[in-house]
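What follows is one structure encoded as structure tokens, with my remarks underneath.
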């Protein structure tokens, strides 16, 4: 409801939450000031940041996130060289990845508390420094123990990124651009995954695996230097466009540092991430191999199918960013996306289509998963109580690390049992199951929002 304030030269219309937005000439015969409620709401609404500022924040956070995902594949592309030098088994090589993600899961949960206490920027800087140091340690390792230690240090650095990244984006990026921010954040991670094998294998072929790891260390330290040089962009004192949270949400946190752990939506979000990451781990680890068994296709075509999946996933994130910015029902967008993606995965497992159509189906799977990405992150944001953003993202995203650590073991067991079709059945099944967790969180978010609105109106 707009209130009017007539003056000699015209009239300002005040809309709740947006301040004066219209001026028209009227005869001046009385003054009717805006209601106190309208003025107070207008005063509380933050001024949106400029596009330049938001783009800088999104770019810097995305750059750091790309390095994090680059380091997810720091060792795997170099396994042939490392195995040959130290005479390791595949189980020992796999344990290096398990150590990385296990440490990352623990650190991710704890780092959320550190972010909320000391701020996201120094934690992000520390994470990048740990990654760079880990690559140096790995490049100089003289045996398996050194590799395990380096993998643990890398996991320590990786664990801080999601709590720090999402806290920075939520606090520094204007509300209308958050969907696009989360879209870029997801795409930057995919680019990091794509760049790591190309970068590391090329240098290992030209020089050695140790030089490749040293070069990876330089990547982390160069990005850290860029962020330090532009640290003013991420200065918490420069925040203008962050959206305030209702007082009811603060109360919902339980009034204590650990109070948010009593909120059911936090653990349902955690389950959502665990399910979706299990699905992603199956595709990343064994989709090409499973396709060769199922369809008898050349490994090159199977690998091309995975590449199509990744490209369409990135495209889906772009589309998903626009879609997420135009709706508040993010759970429903996730439900549609994963329904399509999950059913296509089941169709691949049924082996009912010609092999040449498999890349198309893989592309649809990737597009659906990518489209859900920005809405996924906004869903978690809506579930987080005020003042607990870092802690909630830390706990929730630990499900991602657990999925990445355990998923390959689960799908590897299916492949050892000669059940390649079940790889895709379970990929689709996990995606379809995740819909129920997303809808549960979405319904809870809407109920709390309606309750807060009624309390404020009263």
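Using the three backbone atoms N, Cα and C, a Cβ is placed for every residue, glycine included.
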| remark: For TrEMBL, the entry transmembrane segment belongs, out of 232-252, 421-441, to 421-441
| said: Below 8 angstroms Cβ to Cβ, which residues of this chain, lying six or more residues outside the transmembrane segment (144-161), approach it? | reply: 64-65, 68, 71-72, 74-75, 82, 86, 88, 92, 95-97, 99-108, 110-111, 114-115, 123-124, 126-131, 133-135, 137-138, 401
| note | Listed stretches 88-107, 182-203, 266-286, 356-373 vs the transmembrane segment (394-415), most Cβ pairs under 8 Å: range 266-286
